[in-house]
Amino acid sequence: NSSSVKEFILLGLSENQGVQKIYFAVFLLFYTLTVAGNLLIVLTVTSSRHLNSPMYFFLCHLSLVDICYSSVTAPKMISGLLVGNNTISFVGCVGQLFGLHFFGCTEIFILTAMAYDRYAAICRPLRYPALVSRRLCGRLVGGSWLGGFLHSSLQTLPTALLPFCGPNKVGHYFCDVRPLLRLACGDTRAAGLAAVANSGLISLSCFLILVASYAVILVSLRGRTSAGWHKALSTCGSHVAVVILFFGPCTFVYIRPSGDPAEDRSVAVFYTLVTPMLNPLIYTLRNREVKGAMRKLCRR
């Protein structure tokens, strides 16, 4: 790498020390709840004999991804707020960029696979066991992890190979493509367009697939009883909530060619910290089976 910059300084969310103390307390709480809540879901699903349907298999992987995803950015930011040291090595920065896109993209693909599962369960109930077999679930999750890895490699390599000769202040609380491109010395237009095309197109196209799948589900519910409507919507409600919370901010940040750094930072808090924390709450509060299995686990 022709870079002469050996470390970066993350500017974080605020320069004000009083505000930083508030952020430290809030984000430490968020991160603790994220790890505890998602870990509880992973343990509940893996230890319960009753939660063996494809929906819970996907939910278990989603929770695992959420723990990893928020762990890429939150610990570094929280420790920076506590000790006031916001430097990150060049290698650490590239690693953070890779992890962020790897787990973020894997989450997008798993949410899309979950939409297919919901579609098959509601629109094709009689053929559901054949349509969503164990083997297919394994392939969908494996494909999600592989897709995340490929996407992340395509995002990270071009950025890491750019020359950085100073300044080294990253206008964000983690290393992402756009803030780093602003610091590169060379011509970054091609890398910038590739980044927008890659991240923006993945989040937008998966979002459109999800919207289409829910449109099909709603159309198929015409003529069903109110009990049928209620059952279908209750199984989809939690998934729709997670999709909106995750895809809304994500698409907003990555689809625009050049965004306002302050806006990007505040929106990023949503998809890196808030949504991974809310996922376990959304899925357990609306699900009697998971709540029952959690009670059994806690009693044990």
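Just so it is clear, glycine is given a Cβ too, placed from its N, Cα and C backbone atoms.
Bear in mind that TrEMBL entries carry predicted annotations, made automatically and left uncurated.
Since the structure is predicted, the reported quantities are computational estimates derived from the model, not experimental observations.
What TrEMBL records for 22-43 (among others) is transmembrane segment.
Residues or ranges marked as domain 'G-protein coupled receptors family 1 profile' in TrEMBL: 37-283.
Summarising the annotation, TrEMBL assigns transmembrane segment to 55-74 (among others).
What TrEMBL lists as transmembrane segment is 94-116 (among others). Counting residues 6+ beyond its ends, the transmembrane segment (94-116) has Cβ neighbours under 8 Å at 55, 58-59, 61-62, 65-66, 68-69, 72-73, 76, 88, 132, 137, 140-141, 143-145, 147-149, 151-153, 155-156, 159-160, 174-177, 180, 199, 202-203, 206, 209-210, 213-214, 239, 242-243, 246-247, 250, 271-272 in the same chain.
The transmembrane segment annotation in TrEMBL covers 136-154 (among others).
Tertiary proximity for the transmembrane segment (201-221) is limited to same-chain residues at least six positions away from its ends with a CB under 8 Å from its CB atoms, namely 105, 108-109, 111-112, 115-116, 118-119, 122-123, 151, 228-229, 232, 236, 240, 243, 247, 250-251, 254-255. Under the heading transmembrane segment, TrEMBL lists 201-221 (among others).
The transmembrane segment annotation in TrEMBL covers 233-255 (among others). Same-chain residues lying 6+ beyond the ends of the transmembrane segment (233-255) with a Cβ under 8 Å from its Cβ atoms: 55, 104, 107-108, 111, 114-115, 118, 121-122, 195-196, 199-200, 203-204, 206-207, 210, 214, 217, 264, 267-268, 270-271, 274-275, 278-279, 282-283, 285-287.
The feature transmembrane segment is assigned by TrEMBL to 267-285 (among others).
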Quickly jot the same-chain residues contacting the transmembrane segment (267-285) by Cβ under 8 Å, restricted to those at least six beyond its ends, or write none.
13, 27, 30-31, 33-34, 37-38, 40-41, 59, 62-63, 66-67, 69-70, 72-74, 100, 104, 172-174, 176, 238, 241-242, 245-246, 248-250, 252-253, 291, 294
